[in-house]
Amino acid sequence: MFSSIYGYFNSEGDSNQQQNNNNNSNNNLKESVFHSGISNGIIETVGNTPLIRIKSLSEATGCEIYGKAEFMNPGGSPKDRVAREIILDGEKKGLLKKGSTIVEATAGSTGISLTMLGKSRGYNVQLFIPDNVSKEKVDLLEMLGAETKIVPIVGMNNANHFMHCAYQRCLGDDMAFYANQFDNLSNFNAHYNGTAKEIWEQTKGDVDGFVAAAGTGGTVAGISSYLKEVNPNIQNWLIDPPGSGLYSLVNTGVIFHPKDRLVVEKLGPRSFYEGVGVNKKTENFNKASLNGAFRGTEEEGVDMAHYLLKHDGLFLGGSSALNCVGAVKLARKLGPGKTIVTVLCDSGHRYTSRLYSKSWLNDHNFQVSDLSNLNFVK
């Protein structure tokens, strides 16, 4: 069985033969994951991740808090689902062909997934990455074979924003395929048809609330939309990091209040959280079905990551920690006896030089709180 990205992987045979077979195999790929016990390449190992009861949070809140262990996908994140859907859809539409280059703007995880799955299908991969991404992720992307372009963090109105750079790269190049994870609805579909249905089946329909952070919006939108359809009483909430405008969008209908706009448009999100928090309403996020939004701080995320490692042996990344902060806030809002689900979207392996580095934490004025209780969640 494939473990996360730290295992070896090879291309699925000769690339010429792959391209001839891609279109014929797409439907089979979507149906056969894990069914036979033998996977036809890495692309079939995506999904069907465990749902983990987080004991410490459950006991402290009086709710049942579960984490969907998406870090156990072969590429280490839920972006494997998105990459698979985007690639298979691109092949089906004839947009991906022999010699194509997949181009994307990514904070790392989508890039890892696109590179692994793209290489396994015989494609080149070029990634535009904001400069707040951890060195571990960039090194890994290059090791996996991606061409990386590191660009400064700037506001969405700046032509040098990493999303604009990726889009411009593809103009006029028929062999360049813009994955466009932010607005490509294959992202939403991957979670609506996959992750959400798995959660519903694993909980046997016993879900009172769902909470997660959003970047592209595909995970939150796909899961919240499906859960709301099967049970309109489910409470779906967003947890949003500093510098992101989605908290305001959900609660007030506008991305920013005027007093915040100039600062954020100039600097962009300042948070160390990778892959979550944006200042743009994406096509994927537009399909979300949310009841409200919480704000989560950097300090809460740091403390939660260390709390879960100490009490549950869960070695999680920043985005997963933020989601767990959201789970505690939602549990407090709904009250004891409820079942809350969130997404454990990344492991701590890609954060060893930052979130789990004493020197980095000290340099950035973070001090881990008393981890005997959840008082650090405000």
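The backbone N, Cα and C atoms fix where each Cβ goes, glycine too.
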Listed co-binder of pyridoxal 5'-phosphate (same site as G215, T216, G217, G218, T219, source Swiss-Prot) among S120, S319, S320: S319
Any further residue of that chain within 8 Å (Cβ to the Cβ centroid of G215, T216, G217, G218, T219, S319) of the recorded pyridoxal 5'-phosphate site: N187, A213, A214, V220, G275, V276, N284, F285
Chain-internal residues, separated by at least six, CB under 8 A from S319 (pyridoxal 5'-phosphate binding site): A213, Y273, E274, G275, V276, C345, D346
Among T216, T219, which are binding-site residues, the residue with the most C-beta atoms within 10 angstroms of its C-beta: T219
Taking residues G215, T216, G217, G218, T219, S319, which bind pyridoxal 5'-phosphate in the record, the widest Cα spacing (Å, whole number): 15
DSSP-derived class (H/G/I helix, E/B strand, else coil) of G218 (pyridoxal 5'-phosphate binding site): helix
Pairwise Cα distance for G217 (pyridoxal 5'-phosphate binding site)/K79 (N6-(pyridoxal phosphate)lysine) [Å, integer]: 12
